Amino acid sequence: MAFFSYSNNYSMLLLIVLLPCLLGFEKMAEAGNFYQDMDLTWGDGRGKILENGNLLTLSLDKASGSGFQSKKQYLNGRFDMKIKLVPANSAGTVTAYYLRSQGSSWDEIDFEFLGNLSGQPYIVHTNIYIQGQGNREQQFYLWFDPTADFHTYSFLWNSARILFYVDGRPIREYKNMESNGVPYPKKQAMRLYASLWNADDWATRGGLVKTDWTKAPFTAAFRSYNANGCVWTNAASWCCQNSAPWMSEALDAGNQKVLRWVQKKYMIYNYCADRKRFPQGLPRECTVPATNP
Ligand SMILES: *[C@@H]1O[C@H](CO)[C@@H](O)[C@H](O)[C@H]1NC(C)=O
């Protein structure tokens, strides 16, 4: 029977494999649903998915914090999340939102929001780990109160650069400088994680202020998660959108200006400027010129 010939079966198989990609294109632009996209991984009921999957809250009390992670793993992508941070006296609490791969030589791209006393500014702490090696911290204040409303925090990770955005404004860029011997995360797929935990031993300038447990539980809220990336399954990466804008995303002249403005006005710590910490010389990526535009 010609109908069941090998070549027909083969094209049928191809169609089945490609169909989700063809259909998925439209869907990918929509905000995700926390029930479908995330697993509450720890915190014993302190993490909650609400509003039919459109809202997720994490809470922290003296006994425990809480956290969630994405079901999918990605190799490169653009990840947006709206977050409303712990209000009022949040000193000692850390809300973390990050990408991380598995294993002992993991890659990781971090946003960590360090709480503060009422009316005092949050610190946005960023870091990048490559093969288990971090020490690439940059810290910022924000130009708004991150507890009054939801704001969008994004990672862009493609083969040329990592970008951190706040409400669409770039605050940090780490370029691929492998041609100059600087490591770059490119082989290990990452999951998206978020957590709320107590870090009053370091987050308040070395433990200066302690978490006020009479104000517990502390709560941070998440919504409008959107991941556009290459989904990693069984050691193969499904990249449906070969021409997806995030793959070639870079900063145009206007955005480079915004980045310089944020760094000039709001950056409070930059490891690349901390010569005391690196007496033998600054890390290589701080001194070599980036060859990628
Ligand atoms: C908290 O507020 C103080 C005083 O304004 C500030 O120096 C500090 O950077 C803020 N953030 C943290 C996490 O301590």
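Note that Cβ sites are derived from N, Cα and C of the backbone, with glycine treated the same way.
Here is what TrEMBL says about this protein:
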- 1-24: signal peptide (SIGNAL)
- 4-222: domain 'GH16' (DOMAIN)
- E108: active site, nucleophile (ACT_SITE)
- E112: active site, proton donor (ACT_SITE)
- N116: N-linked glycosylation site (CARBOHYD)
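Structure coloured by features recorded in TrEMBL.
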residue: E108; record: active site, nucleophile; Cβ contacts under 8 Å, 6 or more apart: Y98, L99, R100, S101, N127, I128, Y129, G134, M190
residue: E112; record: active site, proton donor; Cβ contacts under 8 Å, 6 or more apart: V94, T95, A96, Y97, Y98, V124, H125, T126, N127
residue: N116; record: N-linked glycosylation site; Cβ contacts under 8 Å, 6 or more apart: S90, A91, Y122, I123, T204, V209
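Under DSSP, E112 (active site, proton donor) is assigned to a strand (E or B) in the three-state scheme.
Checked against ligand 1, the recorded positions E108, E112, N116 give N116 as the ones with a Cβ under 6 Å from it, listed in sequence order. For the domain 'GH16' (4-222), the mean pLDDT of the prediction comes to 91.
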